[in-house]
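Enquirer: Please read through the structure below; I'll follow up with questions.
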Amino acid sequence: MSLIDFINRNFIEGIVNDTSYNHFDMITYVIILFAGVLAITKLLNKLRIKVDEEFVIATIPFIFMGSVYRVIEDADILKPPVKYFFITPLIFFVIFAICFGTLLVARYLEKRKKIKNYIHTYAITGLILSLAGVVILIFNTSSTWNPGILVYALVPAIALTEIVKK
């Protein structure tokens, strides 16, 4: 078996067919996760971005966005090859790129005095992108969609945010 066949069988096919993980891809993703956490921690320290309560709360919309965009893929709204980027584990990389890219741009704009507070811009961008995903779901799902379901999703998230905030 060639290297290309190995990668295709153990990594690509699992994403394309939306199947469970195997030992090879799981170990690889764990290594990527640990290396990524170390690299991001060093980069945040170098950029003097504090991971404090305000930062964590500002990141919550991006976590919600990841969930919403995964549901968009599950609802079969997206078509191949775009849908593959919204299947686990690739969606984690996509959401991270959006989240971290937004953070870097917001921080840059603050340093250039274009905005006053990069954390607020970061949080608002995450909120807008999350709401965009919800709108996509509303307009692309069946007519039996129940908007009350948002209450079940948003109320616990807001309550948890308030609890953590205190």
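Here the Cβ of each residue, glycine as well, is placed from N, Cα and C on the backbone.
TrEMBL annotations: computationally assigned, not manually curated.
According to TrEMBL, the record shows the following:
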TRANSMEM  26-43  transmembrane segment
TRANSMEM  55-72  transmembrane segment
TRANSMEM  84-106  transmembrane segment
TRANSMEM  118-139  transmembrane segment
TRANSMEM  145-164  transmembrane segment
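Give me the local environment of each listed feature.
Expert: The list of residues near the transmembrane segment (55-72) in space but at least 6 beyond its ends in sequence, with Cβ under 8 angstroms from a Cβ of it, reads 49, 78, 86, 88, 91-92, 94-95, 98-99, 102, 119-120, 122-123, 126-127, 129-130, 133-134, 136-137, 140, 157, 161, 164-165.
Non-local neighbours of the transmembrane segment (118-139) in the same chain are 54-55, 57-62, 64-65, 68-69, 71-72, 75, 77, 98-99, 102-103, 106-107, 109-110, 145, 147, 150; each lies 6+ residues outside the stretch with a CB under 8 Å from one of its CB atoms.
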Enquirer: Same chain only, please: residues at least 6 beyond the ends of the transmembrane segment (84-106) with a C-beta under 8 Å from a C-beta of the stretch. Say none if there are none.
Expert: 15-16, 18, 25, 29, 36, 40, 47, 49, 59, 62, 65-66, 69-70, 72-73, 78, 115, 118-119, 121-122, 125-126, 129
